[in-house]
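Student: The coiled coil feature in TrEMBL is assigned to 93-127. Here TrEMBL flags 421-445, 466-483, 546-564, 576-599, 635-653, 756-777 as transmembrane segment.
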Amino acid sequence: MAETRGGCGPSMDLFRSEAMQLVQIIIPIESAHLTVSYLGELGLLQFKDLNSEKSPFQRTYATQIKKCGEMARKLRFFKEQMLKAGLTPSIKSTRADNDIDNLEVKLGELEAELVEMNANGEKLQRNYSELVEYKLVLQKAGEFFSSVLNSATAQQREMESQQTGEESIETPLLEQEKFTDQSKQIKLGFIAGLVAREKSMAFERILFRATRGNVFLKQAEVEEPVIDPVSGVKIEKNVFVIFYSGERAKNKILKICEVFGANRYPFTEDLGKQAQSITEVSGKISELKTTLDAGMIHRDNLLQNIGDQFEQWNLLVKKEKSIYHTLNMLSLDVTKKCLVGEGWSPVFATKQIQDALQRAAVDSNSQVGAILQVLHTKESPPTYFRTNKFTTAFQEIVDAYGVAKYQEANPGVFTVVTFPFLFAVMFGDWGHGICLLLATLYYIIREKKLSGQKLGDIMEMTFGGRYVIMMMSLFSIYTGLIYNEFFSVPFELFGRSAYACRDLSCRDSTTMGLIKVRDTYPFGVDPVWHGTRSELPFLNSLKMKMSILIGVSQMNLGILLSYFNASFFRNNVNIWFQFVPQLIFLNSLFGYLSLLIIMKWCTGSEADLYHVMIYMFLSPTDELGENQLFPGQKTAQLVLLLLALVSVPWMLFPKPFLLKKQHENRHQGESYALIQSTDDSLQSETNHNSHGHGHEEFEFSEVFVHQLIHTIEFVLGAVSNTASYLRLWALSLAHSELSSVFYEKVLMLAYGYNNIMILIVGIIVFVLATIGVLLVMETLSAFLHALRLHWVEFQNKFYEGDGYKFLPFAFALLQDEEE
C-alpha cells in the first residue's frame, strides 16, 4: 500500500484517490445497534459482507428486517392515502418519537383506524349513492307514471263525453263487449332502475331480442353524472322502466339487468306512496351527507397528523432497516457475545471511527468497548475521491467511462479545464456563450430551492451538470472573442482592424486588395476577415492547425500521466519500455508536425506541410527545396523517422521478457515457503489466494500477445487519434456557418423587406432557430464530441479505469433513495 497522509481531515486531493485501509471491528452484542447507527451517521466505512454464503432468511437479524419491511409497507399505504386525499407529506416534520418499538405500535394503530374509517366511508358512500339513484328513479319514473295516468284519464273523459244517453240497437252489445274485455285484462309487471348511458342502446336491443318484443321500455336521461354505488366512479346514466308480462319474462329481464350492471330499485304505482318515499329518501340522503362530511373531516385530520410526521417516520424506518442490513453483514462470534465486521475506510477517518465506537459504548452503557484494528491485505481497495458540488459533475464524466484504479492518476483534475475548453473550441461564439451562461446562472442562483424539488429527467440531468455548463459557457465566451463572433457578427472590440482597402473596388469582394495600415489586431481574429472571399480558407487553415496542436498537446499530457502512474507504483518497466518509446514515437511524427506549424506561423513561410510529412516517409533522402523551414531539416527528419521506427520494437519486445524474469525471481524457491507457516498463517495465505492474488502460473504467450495488441493499438492510434482531433475544426466551422446562415438568410433577409410584420416573423424564426439548433442541438453535439476526445484520445494513454467505487454505509444517502 502506498504511503499515506496522516491527520483527521486532509485537504481534498483529486489527483490520487484517498489512501484506504481494511479495518476489523469487534463489537459487543449489547452496543452493536448503536455502534452501527453512529457509523452510519459518520458515513466513512464500507462494510464487507462476511455472510455471503447465507440466504437472507438465515441471517441473524432477518426478523427485525421483516418488521421494518412491514412498517415501510404501512408508511407506503399512508402515502397513497394522502395522495388520494390531495395532501402532501410535510417536508419540515414535527418532532417525533425515535423509539422504533413505539413507532411500530403507533403505525399499527393508525393503519387499523384508517382501514376502518375507509371501510365505513366506502359503505356510507355506497348507501348514499344508492339513495341518490333511488331518488332519481322515484322522480323520473314517477313523472312517467303521472303523465300516463293523466293521459289515460283525459282519454276516458273524452270517451264518456262522446257517449250519449240515447239507446240504440248496438248499445247492449257494446256494454257486453266492454264487460268481456275487463274480465280478460292481463296484469302487467314493471321493473325500474338505472343503466349506464353508453350501454343503454345495447341494453334495449338485448331486451327486445330476449323477450321477442314482448316488453315495453321507457328511458329518461339523468342530467348530471351520478356516482355508481359499485365502482364509485361518476357515470352518465339513464333511468328506465320495463313493463313485462309473465314470470318467465321477468327472470330474463333480471338476468340482463345483472349482466349490464343496471341497478334496480323498488317502485310503487301509488302516487301518494311515491311522494312519501321521496320525502323519506331525501331525509336519509341529508343525514348520510352530514355523516359523510364529518367522516371525511375526521379522516383528513388524521392524514394531516400523519403527514406532519411522515418524513421523519419514513427516514427512521429506512435507517433502522439499513442498520439491520449492515448488522447481517457482520459475523457472529463463536461465544455469541460479540459481532465481528470488516470494511474499508479512508486512513484519515481512523480517529473519527474510533470516536464513534467509543461514544456508542458509553451511550449504550456497555461494559466493554468496541475494538478497531487495521488488517493487512493484498486485496485492491475501493476508490474514493472527496468531491464538492463543483467537481462532482466532472468526476462523474470520468466515472462514466470507468472508475479509477486505486490511487492511479485521476483524469478528473484535468477534465475540469480541458473538457469545457475543447467544447468551447467547437462552440466558439461569445453571444451563444452568454446565452448558455444566463441559463446556467438561473440554476446556480436557485440551486438551494431546486435541489429540494423533484425535477424531470432532463431537468435533473441539466441541474446536476450546472457547473459543467457554466464552465463550458465561460470558455465559449473566451473562444468566441478569439474567433471574433457574436451570433456570427464580428466586432472591433479590442481596436480597429489592421487592414484597409487599397481602393474602392476591393471592398466586399476579396482580401487581395487589402493593405496593412495599422498594428496587428491585438486579440483574436481581425474582424476584416469576416464576410470576405478569403474568410473560409483562412479560418480553415487556422482552425485545422490549431486542432492538431491541441490534440498533440493533450495526447502528450496523457502519456506524461502514464509516467506519473508508473513512478507512483514503482513500475520501472512501464517507464522505460512504455512511457519513453510512446513519447518518442508520438513526438517524432506529430510533435514534429506541431513544431513545423508553429515555425511556419512565426516565419511566414509558404512551405507545404502536407508535402513535407508525406515525403518524410516516401522519400526521406530527397531534398526539401522551397519546403525547407530550417537548416538541417532533412537530417532531423531522418533521425526522427529512425527514432519512430526503433520505438515500435522497443515497446513490443523487452517488456514481456522482463515481466517473465521478474516473475521467476519473485517465486524462486517458493515450494519451501510454507514450511514455517502456522495454522493462522496458512489460513491467511489461503484467504489471499481466494482473492485472486495467489501465485498463479505466468503465461508468457498471453502477456506477449497483450503487449503486441497494445503496441499496434498505440501506433495506429497515434495517427487516428490525431486525425480525430480535427473534429474540433469541423464542428467549429459547422457552428460558425450555421450561425451565419441564420443571421444572413433569416434575420437580415427579413430586415431587407422594410415590413414590420415580416421583421417580427423573421426575429421569431431567428430566435427559435438559434435556441433550438445552436443552443440545444449544437451544444449536445459539441458535448458528445468533447466526451469522446476525453474518453478515447486522452484517457486511453494512461487510464485503466478498472477500480470500484467506495460506497460507505451512510444515512445521508438514504434520503436520495427511491422507494
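Keep in mind that glycine also has a Cβ here, set from the backbone N, Cα and C atoms.
Looking at the shown structure, what environment does each listed feature sit in?
Tutor: Along the coiled coil (93-127), the predicted structure has mean pLDDT 86.
For the transmembrane segment (466-483), same-chain residues at least 6 beyond its ends with a Cβ under 8 Å from one of its own Cβ atoms are 389-390, 393-394, 397, 416, 419-421, 423-425, 427-434, 436-437, 439-441, 443-444, 447, 493, 523-525, 539, 732, 736, 779, 783.
Long-range neighbours of the transmembrane segment (576-599) within the same chain, counting only residues 6 or more positions beyond its ends whose Cβ lies under 8 Å from a Cβ of the stretch, are 545, 548-549, 551-553, 555-556, 559-560, 562-563, 566, 605, 607, 609, 612-613, 629-630, 636-637, 640-641, 643-644, 646-648, 650-651, 654-655, 658, 714-715, 718, 722, 797.
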Student: Between the stretches 546-564, 635-653, 756-777, which wins on the count of C-beta pairs under 8 angstroms to the transmembrane segment (421-445)?
Tutor: 756-777
